[in-house]
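According to TrEMBL, the protein carries these features:
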type: BINDING; residues: G141, Q142, T143, G144, T145, G146, K147, T148; note: ATP binding site
type: COILED; residues: 414-512; note: coiled coil
type: DOMAIN; residues: 56-398; note: domain 'Kinesin motor'
type: REGION; residues: 1-33; note: region 'Disordered'
type: TRANSMEM; residues: 547-564; note: transmembrane segment
Amino acid sequence: MASPSLARSHQRSDRRIPSSTGGGGFSSGKKSAAARISAAAGPRVLIEDDDADSGRVRVAVRVRPRNDEDLYYDSELIDCLELQPELRRLKLRKNNWSSESYIFDDVFTESASQKRVYEAVAKPVVETVLSGYNGTVMAYGQTGTGKTYTIGSLGNDNSSERGIMVRALEDVLAEISPGLDNLSISYLQLYLEAIQDLLAPDKNNIALTKDSKSGEVCLPGATVVEISDIDQFLQVLQTGERNRHASNTKMNARSSRSHAILVVHIQRSSKGKDENEFLSVNINNSEEFPHMSGFFKSKLLIIDLAGSERIDESGVDGHVLEEAIFINLSLNSLGKCINALAENSTHIPTRDSKLTRLLSDSFGGTARTSLIITVSPSARHYSQTSSTIMFGQRAMKVVNAVKLKEDYDSESKYRKLECQIDSLTSEVEKQQKDKLHLERRLYEREITLAEAENKLVEAEKKLAVAEEKPAATSEVTVAFNEMEVIDLMRKLEEKRSRHANMEEQLIEFLQNGTWKFAEATNMINLVIKLENHQAAAAVANPRTHAMVIWFTLIPITLLSLYFLW
């Protein structure tokens, strides 16, 4: 079953424009300034200028310079291409007297710099990805026409030769905020219909899955590397390039035998962004969701497709022949999907190949896509060049429903809102307590005020009565005060008298106690002397000793009873 994301396309008028020798041409759309040319410069050509925000796949063509083989074999032949970059047009010559013209979004000659190609083809997509959309930049063409140079050149010896991958990451790193945003990459290859990890060669068959939330195709088993600077990215890219499959063929001394796929993941906070520059998203409405702030999770695919090749021309055999067969099968599946989308077919065969499944969001999906096709100027490669040009023309008819990739961390937002609710609830409870306290104090103050008002009224009444009878009131008051003073003085004298009696009793008690204490002391001394005497007499006469003890105890007992009394 075809992917729903690939079911959208836009049927446009044929961009194939017959030459002046082949009859009249047709095209529809807006007329550009480049189309307003003089009759002396050639036939009038209308170039369609699509709105910059449209989702149409934009296609540019780049012609590689002639190499030594072209100069040797085509010395007696003319080039099969005639370029008119100012008109964004090229002519494909069938022979010396017949040619066909094609319009593209951009046409680059052999002398076009890497910087110019990047700024025209890839930079708009990179800027879109930084704004929260998915994007794809892909190179397609015959083997040996400069796809890898355009896409993946590292420019180790000359920075001006850096390709789209390096320049795109330079722009991304310049725009993101290290503390708030996150940038990570995965580098893969599709080789013999198996997805392999170029950063971890032991992962040689990564499964394709579909995200249940976003509906996008993802690669959960791929290695993900966070990137902080361009030097780190260049090291990662070099590691991947060493693991990529390449072979020597008649068409190319180092022919890529796999489709290289760089996946760039960007996560940016949406805080502070202008809502007008994004699509209409209900949850981004600050009036309905004042406390919600999301983030963008966009993805950039930069794909260097392996070149299509004719087996008889490339001269491959054995294992390299098997590689060529798989390459052509996957490119053929991609061509079928593009054709189906261009013709608004109800069935899009995305499941025929892993390549088409990976690109389901790039063609007919929600990504903004730019395609650069590379061709050879040599007449020997006319059929391959013609096939590539027609592929680009059909791709220009595909329109994607570009969609903002804004997401929300619901768990953290839920926790944040819970904390806010708890804080507000406690604040309300505190305010209610303060309100009850204030109401109680206000009630007490009202009662106090009422009592004060009543006392004031009573005082005013008394004052009025006092003003009517001032003399009588004064006499009564003075008499009353004199009586109170006399009574208080009497009570004071009574207290003073009682105090004096208590002092006398205390002195007498102390004197008596001192005398009695002296008497007791004398008696004790007497007893001690008697005991000493008795101890001496006890030896001589025991009977006499007993009588002395009795006579001694009697007065001691009497004295003890006296003191106790």
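Any Cβ shown, glycine's included, is placed from N, Cα and C.
Values in this document were obtained by computation on a predicted structure and should not be read as measured data.
Cβ atoms within 8 Å of the centroid of the Cβ atoms of G141, Q142, T143, G144, T145, G146, K147, T148 (the ATP site) belong to the same-chain residues R64, A139, N252, G307, T374, S376, site residues excluded. For G146 (ATP binding site), other Cβ atoms within 10 Å of its Cβ number 22. Sequence-distant neighbours of K147 (ATP binding site) (same chain, 6+ residues apart, CB-CB distance under 8 A): A139, Y140, G141, S256, D304, L305, G307, T374. Of all Cβ atoms in the protein chains displayed, 25 besides its own lie within 10 Å of the Cβ of T148 (ATP binding site).
Sequence-distant neighbours of T143 (ATP binding site): residues of the same chain at least 6 apart with a C-beta under 8 Å from its C-beta are T249, M251, N252, S255, S256, A306, G307, S308, E309, S314. Neighbour counts of Cβ atoms within 10 Å were compared across the binding-site residues G141, G144; the minimum falls on G144. Within the same chain, residues at least six positions away from Q142 (ATP binding site) with a Cβ under 8 Å of its Cβ are M251, G307, S308, E309, T374, V375, S376, H381, Q384, T385, T388.
Averaged over the coiled coil (414-512), the predicted model has a pLDDT of 77.
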